[in-house]
């Protein structure tokens, strides 16, 4: 089919139309769609582009010589009857010359040369064919002579056997006749004797008659016995003669069948004849080449119909035809008319036999046979596979996947994936874990479609709605989070509401934990979450906003809107939580509530009196003014929200804070959001699971159950859960353990994959930056929120020259393992509201490990910052100490040039450095070699005095030069 457009041409080439369009555009042929017409010129340009892109040059070979050597075997019997194998080797050589159309003369010469070569090649091949035909004719003549000799010998042998058989039969007949004559003679004698006795008996007396009768009876019995023996002997001789005749007949039939098979084999047309040489033909389609390759020198390829008909005939004889008789001569005979010689069958059976120059037995080989083409031999059963369109697969890529699994999903070898990764700049192995993003890039690079797979994990077993559809939704208390800038009075405000003194117990008077409390008011229960206001506790404030229903934004009337105030507003807006503004410290003389309102309006928090939806309540945590109005507004907002949650259902909640207690183990503060949490329930929180062994309220009193919006402290988890993790109650501990272990493995795989992905980038960064100072730290904190905040604050201190390296961070006391880790990594241990035990302190003293304790996050950050400043390389500064004018120059042997100078400004010291200025241009910078006044060496010369000076490695001093004397000082740097 003629290809008139891009789609038809792509179908003809068996390739996607999109790939063909890209190749056409790369070749400079502008085609926009698959329906665009395609001319022969466009095809020629595409072909030229593809040849150039695959490295084709104008210096291609103009002449190709193909040599073919074909070795085959024939098998025949020699004069002694033994089978011999004769090797027949046919060598063919063909030269293809590419004509050059550059000039007419060159073309004619090439044409003439090609004709001469073709003629010489034709003559040579005809000579080879003639010699081969003579050889085959000679072999056939020898075979015919051998066959005639065998036939003559067989005829002579049969004649001798027939003569011997006739002689033997004649001898047997003569012997039988003699035995019969002897028996008849004996019977006649006995009869004559009996007659004589009868005659004598007539003359003898009567008393002898009984005796004579008995004797006659005995003689008759003996006569019958002799006749029976003679008859048996004659029958036995006849049977033996018939058996011998049957055996002779069988041998004769076998010999005739063998001779007939030999005659048929000789009459079969020879397939070894070499065909006449033909001019080179154009390349045939692959299918035609395959069909030709299936024929061999002695076994030409049969048509499909004939081959199909021959297969069932070989398995079972045709109905009605007699089964072939078993030939005694090794079953080498065949039915007439098969047209196949015994040589061919024997050669086929001996395919595995190696011959000189041919490892395949010389049978069933293609064009690339021979010693150099042994690896190219193909089995005749294989067939050519036409090129097919590449298969584009949809590969579902999970969060992490190994290289081997990714290759298996694409049905390719892992080495192909490794090659692509090497091109992308990553050296990987088949067992290396890739993250999802990298794996999807590799899949798309290999031409497949990458899809982010859904996790096939045990968490899918969790019913989406653990809460039953029939669970009754009941009103629940609101969860109120108090947020604001540090030192704006959030905790003091809560203290007044709770009638407690929490702020006084916090180190430094600032909140460093999330506090969860519930307060009973005349209008109902309210749960408060107190969040830190320090800038380091961003993640902690985000968790507070996530779990809350209403936000109380505390702003000091004397301070106004600060950075953490803005951050709290953004957290509340991101969670869609209504804001109630409490303007605190109105009892101070410098309080300015109106300025606070204006600043909050600029941040998008508009008071109700200005037409907004945020109530503003002026309060004082010190005097208690406005507290009732604040609670009234909070409960009013809760009524508007219509907060409800099921009570009679498995509990769900969120981890507000978690820590490792030395006596209690992992302890988590949980805010129940729905359902009822009871003591003894099996809970799952992230990678931690366990049974609730004890449950305490915010005052430390034991409680048996907690309903919605009630904060409790639970014990019994397997490890410290992450703050902000979701808590869920499961029916049995086995399912909780299974899901927790799966999450741990997934977290580890994701972490390793991300580390591997970032390894190359970090390596290149370190190479580019050169030497970077590292400050290794091990951080242990009392609760996870404080640990997170401290780690983030310290990591922000890193610069291009000094970097904070967090070797390990965890919750709990400082143990011996932490000290051993610090010894190995040369790290400093920071304990935030934790202490080291006795064994850890002793080990730290023995190894010289520095352990620092802090209760306030300010102090920890400031001291680490000071330590990093000490690690910075000092800054070098030049300080000019004096100016010197050269008045006279002296040449001193073995010393060099000495300048007689006058100190015009400042002071010149022996250890100072010098710049030489000529016409106010620096021509040399170096050091003083000597400083003398008169003949004495001096340490310094002050302004207004003369001196002699010589410089190291510089003698080009002239009168009128100026020396600028300076010193280099090092100045400590700070972050």
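Glycine is no exception: its Cβ is also placed from the backbone N, Cα and C atoms.
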Look up region 'G2' in Swiss-Prot and report which of 499-503, 504-508, 509-513, 514-518 it refers to. 509-513
Range among 476-483, 484-491, 540-547, 548-555 that Swiss-Prot annotates as region 'G1': 484-491
Ranked by the number of other Cβ atoms within 10 Å of their own Cβ, which of the binding-site residues 484, 487, 586 ranks first? 484
Let me know the DSSP-derived helix, strand or coil state of residue 487 (GTP binding site), please. coil
Please work out the mean pLDDT for the residues of the domain 'tr-type G' (475-644). 77
What does DSSP say about residue 586 (GTP binding site): helix, strand or coil? coil
